[in-house]
Each structure stands twice: as structure tokens, then as C-alpha cells.
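Worksheet: one structure, shown below.
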Amino acid sequence: MSSVEADEPDRATAPPSALLPEDGPGPDGTAAGPPPYARRWAALGVILGAEIMDLLDGTVMNVAAPAVRADLGGSLSVIQWITVGYTLAFAVLLVVGGRLGDIYGRKRMFVVGAVGFTAASVLCSVAAGPEMLTAARFLQGGLGALMIPQGLGLIKQMFPPKETAAAFGAFGPAIGLGAVLGPIVAGFLVDADLFGTGWRSVFLINLPIGVAVIVGAVLLLPEGKAPVRPKFDVVGMALVTSGLTLLIFPLVQGRERGWPAWAFVLMLAGAAVLVGFVAHELRQERRGGATLIELSLLRRSRYAAGLAVALVFFTGVSGMSLLLALHLQIGLGFSPTRAALTMTPWSVFLVVGAILTGAVLGSKFGRKALHGGLVVLALGVLIMLLTIGDQAGGLTSWELVPGIAVAGLGMGIMIGLLFDIALADVDKQEAGTASGVLTAVQQLGFTVGVAVLGTLFFGLLGSQATASVDDGASRARTELAAAGASTTEQDRLLADLRVCLRESASQQDSERTPDSCRNLQQARPAVAEATARAWRTAHTENFSTAMVRTLWVVIALLAVSFALAFRLPPKPREEEGF
């Protein structure tokens, strides 16, 4: 379909207003603007399909990550990289993606992004090792950042002001449905192991959706680009990408390498490069050149506070979501499906919280409702950590549901208001750019959260392993003695158990069994069974303790977010039809 055909109203289905001549008079006799795009609602379905693909790609990985590592091998940092790879590329390239759409055409960039994203999903599904999967995830994130920003511009282009709110309102149910069903479908696919695909089928979900989105985009989306061709800040792009990479890489890899000097050198270098990025942007602004970020926005203290709240808040909640999924599967031994169903109340009540905010809380209470959402979320996290700490190995899904549900409700209230309040002091003509930067910071928070909280959690697993064995040593000795083990044999087995648990938590190859663990398997059958029970108890205790301590850090980050939120505007932006 040509651009001319795409822009011509379909007279059989178009509303009367769409059939008026472009330059003809309106109902009041004044000149009417161009008619709205006739296929706009069908085109909106294409844009929603792309959003769902992006959402699924994030939610399914939390469920599939343990199975990926078990199959491909590698250290625990593999789990971090297959998540960080996507979010880091998405965060860095998100603003650039919008600029490319303005320059080369939104439809063209949407189609290129959708084709590339779908192809990258297939690459993920056939990855032969963790390195290939991580590279494919980086590619996915970059192409997602090219595809997703075009939707905002296309919606503004296709819909008249009176329909814009309804168009954006369609995102809520679509995203809510994807958030609820995504993990459940992923858990089922991993457990079902259809045709021997296992976790690989999780990435193949995007194939039929991607094909439908691509075909729909070609047939339904209108052409369009910015009236004025924007400039592109290549140097700024290179600086921010290299700076963030230099910071994130040692955060993820430093722990398993024993925090060598090069890790700290790289982090210092990354910080220096980011300072250089700010200096470059200031210089470009003085010269009237292209900038990656509108620095005038950062001078608005309340908007800058919104960026700070988003960074700290999403650092806490994104890392928590991944680690909870790992704790359920690796720590407690839940199947992927059971883990996904256990976490479903999070998504369900998140949607409920967002609906409540949009219907009542946001307009009536403003920033107070946002603060309330943070308190409810922190309460849910507190309930979770107390439940995990008290129950340890005997934990059931139903015991976790109250904390997860309360946390999800608070999360929904918070994110339902954050963007509207953070953008309240931004001028109308700057809203698109400001929203793009805020979304990029949100994705950066996802990246930092997985890197920092993941490193903390995995570090705790190694450092407290010995204490976890010692906590259950008395019971283990009783069971070993009943199995016929002598005192000397008990001492040796417990010593090997301490080393085994520590090495299992910090080993760089999941396919290799540490020597200390093999020693445990060489005992007599009755003794080996008692030792295995002791290992499972210590293993679960180790994960539970690490999870509890990490959740305290999450609560601390929520407290920081609560304090920073006092700098936000008291009320959200009033809808003005843009």
C-alpha cells in the first residue's frame, strides 16, 4: 500500500467527519483541518501488538531464566546478563529511536524495528550458549527501542485530539492482559517442553505476534515524520552508551571475579565518561547543536525529581521481581508454572491499582496517592520478607500470596501516577521529549536494579553459605547418626556440605559439579539420603536469608523514593488532548 493510499479515507467505513474535504468548511462554517486517519483503530491494534511483544519479552524472562541457565550453563551472572542486555540496550537507544522515526519516517522505523525484533527473538530461541543469547538479547533491546517510540508519534498523527485519550486508554487493558498472562504462558511452555524446545519456546511466542504486527504495519500504518528534520547527536550517543556499559559490566562480573582492581577502574572510567557526556551536551547546547537530551528539561527541578524517583523506584522493584522468581524456582524448588501462578497476584493487583488510580485516586489526591502507593508497596514487601523469613523451607504459594498481592496493588497505584505527576510542570510542546527521557530512565532503573540487587543477592548466597549449614547442623547430625554415620564421618560430611553449598552458589559453570558435592554422593545410601536432606535444608535456608536481606534493601530504596517524591508536583497534569 502506498502512502497516498494509506492516507485516503475509506468511504465505506469512515465516519462522516472523515469524509469532509480536507480544505472544506466545517459544521460551523470555518475551515476544517485534515480528516482523521480512517484506519486509525485498526492501526492502534498493530501498535498495541508491538507493546505486548515488548512486555512479554520482559515478563517471561523472570520465569524462564533458571531453565536457561540450567540448559546453557554458565555462572549466576548469566541470569543477570540475559535480562540486563535487553534493558540496557532499550534504555540507551530509546530516545534515539524516536529521533530516527522523526528523520526517516515512523512507519518505516516501526517496520524495521518489528522485523528485527522478531528475528532477534528467533535468534534467542536457537542460542547455542549464554554468549549468543546475551548478544541476541542486546539486539532485541535495541530493535525494541527502535519500534516502541514510533507508537506515540503515530497515535498523535492518526487520532484527533478528542480521541487521543481513548487511544492511549487502550494501552492499560492490553498491557494488563500481557502482564498477567505472559508469565503463566512462559511457565507452562517451559514445563510442557513442547517438541523438546523447553525454554526456547518462550522466545518463539513473539514469532506469530511479530508476523501479525509486521503485516499489519505494512498494510495499516500511515507514513509520517517530523515537519522539521531533527539533528542527531552521534557523539552523545556514543558517550552515554560506553559510560553505562563501563558501569554495568563490572557490577555484574565483579562479584564472581572476586572484585579485582579492574572492576573498580572500569566503574570509575564509566563515571568519568558520563561526566564527559554531560559536558558534551552542555557544549552542544551553547553552540546550538544537536543534543541527545533536552537539558532545559533537567533544569526544571520537579521534572528532575521525577527522573530521580523513577530511577530509584524501578531499581528496587525490577530487581525484586527477578530475584523473587529465582527464589521460588531455585531456592524453593517450584516448577516454572507454579512460580508464575504464585506471582500472578502481583500482576492482577497491579492492574487493579492502576485502574483505581485512573478512576479516583489520581485526580483527587495527586502526590498523596503516589506516596500512599509507595507505603502500600513497602508494606507488601515487608509482609513477603517476614513470611519468607518465618517459613523458610516450608513455604507454600498461598502463604506468599498476601504479600505479593499487597505489593502489586501499591505498585499499580505508584506507576499509575508517576508519569502524569512527573510531567505536570512540563510545557505541552516538550511533553513528548520529556516522556521519552522518563521512559528511558525507567528502563535504566530496570538495568541498574538487576545489576545491583542481583549482585548483592548472589554475593550473599556465597558469603552466608557456611552459616546456613551451621544453622541446621544439629538436626543434620541427628539424622546422619540415625543413618549410621560415625561422629568423624558426620564432621567430614558437614565440612564438605559447607564447601559444596558455597561453591554451588559461586561456581562459574552450572554444568560442573564441585568436587565437594561429589564427595557427598559417595556415602552409603542411607547416609547419602540424610546428607541430601541436610543439603536441601541448608540450600533453602541460604536462599531465604539472602532474599530477606535483599528485600530490606528494596524497602530502603522505596523509602528513598518516598522522600524524593516530596519534590514532585502536587497534582498530575490535566488532560489537554495531546
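Each residue, glycine too, has its Cβ placed from N, Cα and C.
Database features, via Swiss-Prot:
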REGION    1-33  region 'Disordered'
TRANSMEM  78-98  transmembrane segment
TRANSMEM  109-129  transmembrane segment
TRANSMEM  135-155  transmembrane segment
TRANSMEM  170-190  transmembrane segment
TRANSMEM  202-222  transmembrane segment
TRANSMEM  232-252  transmembrane segment
TRANSMEM  259-279  transmembrane segment
TRANSMEM  306-326  transmembrane segment
TRANSMEM  341-361  transmembrane segment
TRANSMEM  369-389  transmembrane segment
TRANSMEM  444-464  transmembrane segment
TRANSMEM  546-566  transmembrane segment
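Fewer than three CB pairs closer than 8 A are found between the transmembrane segment (109-129) and the transmembrane segment (170-190), and contact between the two stretches is not assigned (pairs 6 or more residues apart). Looking at 170-190, 341-361, 369-389, 444-464, the range that has the most CB pairs within less than 8 A of the transmembrane segment (306-326) turns out to be 444-464.
Count of Cβ pairs under 8 Å against the transmembrane segment (444-464): among 78-98, 135-155, 202-222, 369-389, the largest is for 78-98. When Cβ distances are compared across the two stretches, the transmembrane segment (341-361) makes no contact with the transmembrane segment (135-155), since fewer than 3 pairs at least 6 residues apart fall below 8 angstroms. Beyond the ends of the transmembrane segment (369-389), by six or more residues, the same chain brings 313, 317, 320, 324, 327, 353, 357, 361-362, 395, 399-400, 402-414, 416-418, 421, 544-545, 547-548, 551-552, 554-555, 558-559, 561-562, 565, 568 to within a C-beta distance below 8 angstroms of the stretch. The listed stretches are 78-98, 135-155, 170-190, 232-252; of these, 170-190 has the most Cβ pairs under 8 Å to the transmembrane segment (202-222). Beyond the ends of the transmembrane segment (232-252), by six or more residues, the same chain brings 77, 80-81, 84, 88, 91-92, 96, 99-100, 103, 262-264, 266-267, 269-271, 273-274, 276-277, 280-281, 284, 289-293, 444, 447-448, 451-452, 454-455 to within a C-beta distance below 8 angstroms of the stretch. Long-range contacts of the transmembrane segment (135-155) within the same chain: residues 43-44, 47, 50-51, 53-54, 57, 81-83, 85-98, 100-102, 106-107, 109-110, 112-114, 116-117, 120-121, 123-124, 127, 164, 167-168, 221-222, 224, 432, 435-436, each at least 6 residues beyond the stretch ends and with a Cβ under 8 Å from a Cβ of the stretch.
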